[in-house]
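Swiss-Prot annotations:
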COILED    164-686  coiled coil
COMPBIAS  15-29  compositional bias 'Basic residues'
COMPBIAS  39-60  compositional bias 'Basic and acidic residues'
COMPBIAS  61-71  compositional bias 'Polar residues'
COMPBIAS  79-91  compositional bias 'Polar residues'
COMPBIAS  94-108  compositional bias 'Basic and acidic residues'
REGION    1-108  region 'Disordered'
REGION    314-342  region 'Disordered'
REGION    374-454  region 'Disordered'
REGION    517-548  region 'Disordered'
REGION    561-724  region 'Disordered'
Amino acid sequence: MLMWPQPHLPTHPHLPTHPHLPTHPHLPTHPHLPTHPMMSKETRQSKLAEAKEQLTDHHPQTNPSVGTAASDTKKKKINNGTNPETTTSGGCHSPEDEQKASHQHQEALRRELEAQVHTIRILTCQKTELQMALYYSQHAVKQLEGEARDLISRLHDSWKFAGELEQALSAVATQKKKADRYIEELTKERDALSLELYRNTITDEELKEKNAELQEKLQLVESEKSEIQLNVKELKRKLERAKLLLPQQQLQAEADHLGKELQSVSAKLQAQVEENELWNRLNQQQEEKMWRQEEKIQEWEEKIQEQEEKIREQEEKIREQEEKMRRQEEMMWEKEEKMRRQEEMMWEKEEKMRRQEEMMWEKEEKIRELEEKMHEQEKIREQEEKRQEEEKIREQEKRQEQEAKMWRQEEKIREQEEKIREQEKKMWRQEEKIHEQEKIREEEKRQEQEEMWRQEEKIREQEEIWRQKEKMHEQEEKIRKQEEKVWRQEEKIREQEEKIREQEEKMWRQEEKIREQEEMWREEEKMHEQEKIWEEEKRQEQEDKMWRQEEKIREQEEKVWRQEEKIREQEEKRQEQEEKMWKQEEKIREQEEKIREQEEKIREQEEKIREQEEMTQEQEEKMGEQEEKMCEQEEKMQEQEETMWRQEEKIREQEKKIREQEEKIREQEEMMQEQEEKMWEQEEKMCEQEEKMQEQEEKMRRQEEKMWEQEVRLRQQEEKMQEH
């Protein structure tokens, strides 16, 4: 007779049942077959426990977390068989609880997978954003480098333009000095011309006075000549009368007296003729002097015209220089506006870079937070694994006492877990080696980059030294050129001083000539006085010879008539000379007016030159201010370059960090892909297990039906035995 266990036996206190395991929805109970109150629970629980043990034996190494969870569920499912409601002799949970536990485990795994996939997507999005930010930052850095190069080239061009402006200013200054010297020469020549004009005016006045005196003398001579002619006629008449009236003695006496008078008259006429000849010579000399003065005046007029042309050319050159300076100022203003716009663009780009840096910092903080969360999740997983291992150890100790089969299965599981751990350790060691190799490579790359940076810095220092040397050479060449210009200017000054000395010597020579002429005039006056004395003596002698020269009177009268004609001609010539003198005076006045106009023009030019000097001084001040601005801009550019270098270093550090993060993310993605593959394999296995469980349940139902049939038969047999 079979003995069935009693339903009122207590369960084991150390083996609690799992309260959270739900029933499987795909395994409905059979509604038509009635279950035995004592046999159905035992058979079902024992068969389900054996099927789950077989499943854990088949797939224990797919996922360690799944395996631990399955072992935990197994440990929790094991029972002493003391619970009358759930167990009969095997001590297993109900299939509904196991199905609930498996569903909860699958849902938890799916949630973890979804969370990990979500984190992976977030990390990939952040990685793409970081890559885009890096690309834009690199593009901005390249643009800034190109703009910095453009600014440096423009600075060099501005420096060259400033040098050209300095050269132009120096040329203008030299031209101004030349113009000043030329103006000084013109003033000196003007003074010399004014002196000559003053002297010419004085000589003209003297000549006019002398001409007036000569005209008065000529009038006196003509009057005397007419009186002498009248006297001669009267004397002739008297002689004729005397010849008729007086005797011979009286006639001889009167003839002697008349001869003396004729001799005196002839002497006077000869003296007058000689004086006229002297005055004619003096007039000829004066005419020659006037012609020479006219030639000199023409030469001076030509020189003045040439000077006026030169002054016009200088004015045109000055106007061209002013136009060039205006154009250069406009170019400088345009360049300053461009520099201001570029500075504004640089400020805007710096603000954009700062914003990008802030975005990068925020993204880095987010990535750090994600990494911290990942580390926390890893720590939680490790803690859960440790707890699961501890629970496994405790449950394994309890199960060793209960079932030998479970020990064998657990030993197999442990061996498999040890293999997995060894594989994981090997993988970790390989990963550590790979990380160490990558770190070594990164350190080598960093060292190479540092060496490259050092070499680039050395090359830049050498380039700066070369540039400084070139600037020194250029400055030395400029100094040499300036010294050569100074030497040339000194030579020109010396030449001008020599010219001035020569002009002074010429002036001294002219003054000496004038003095000699004055001495000649004085000697001539003395000669005139001596001639007068001689004339008086001659007159006395001529009075004695008058009687002898009666015959010569007629000849002298003829000569006198000729001399009168000559005197008339001389008077006509004098009139012509006076007209010429008037014309020369008019020309001199016109020249004086022209000289005054030239002086006014020279004054205007001097005023213009002063204005140009003021403009050049203002331009020099502006150039100094511009040079100060350029120095400030260079300092700003250097500061910007330093900030750019710092930003580049920061960007490189960020790139390194991002690369490390990308490597970590790739590793995590690989791990996640492996986990996903494992999860897909686990899901496939779970689906296969569910199919097997359904098949086993169908088998169990068939077995239960057979058991029910056997029970019915046994009951019939028992009834028969009781009846017997």
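From the backbone N, Cα and C atoms, a Cβ is placed for every residue, glycine too.
Through the fold, the region 'Disordered' (314-342) approaches residues 147, 151, 154, 158, 161, 165, 168, 172, 175, 179, 605, 608-609, 612, 615, 619, 622, 626, 629, 633 of its own chain, all at least 6 residues removed from its boundaries and within a Cβ separation under 8 Å. Secondary structure counts, DSSP: the region 'Disordered' (374-454) has 80 helix, 0 strand, 1 coil.
According to DSSP, the compositional bias 'Basic and acidic residues' (94-108) comprises 14 helix, 0 strand, 1 coil.
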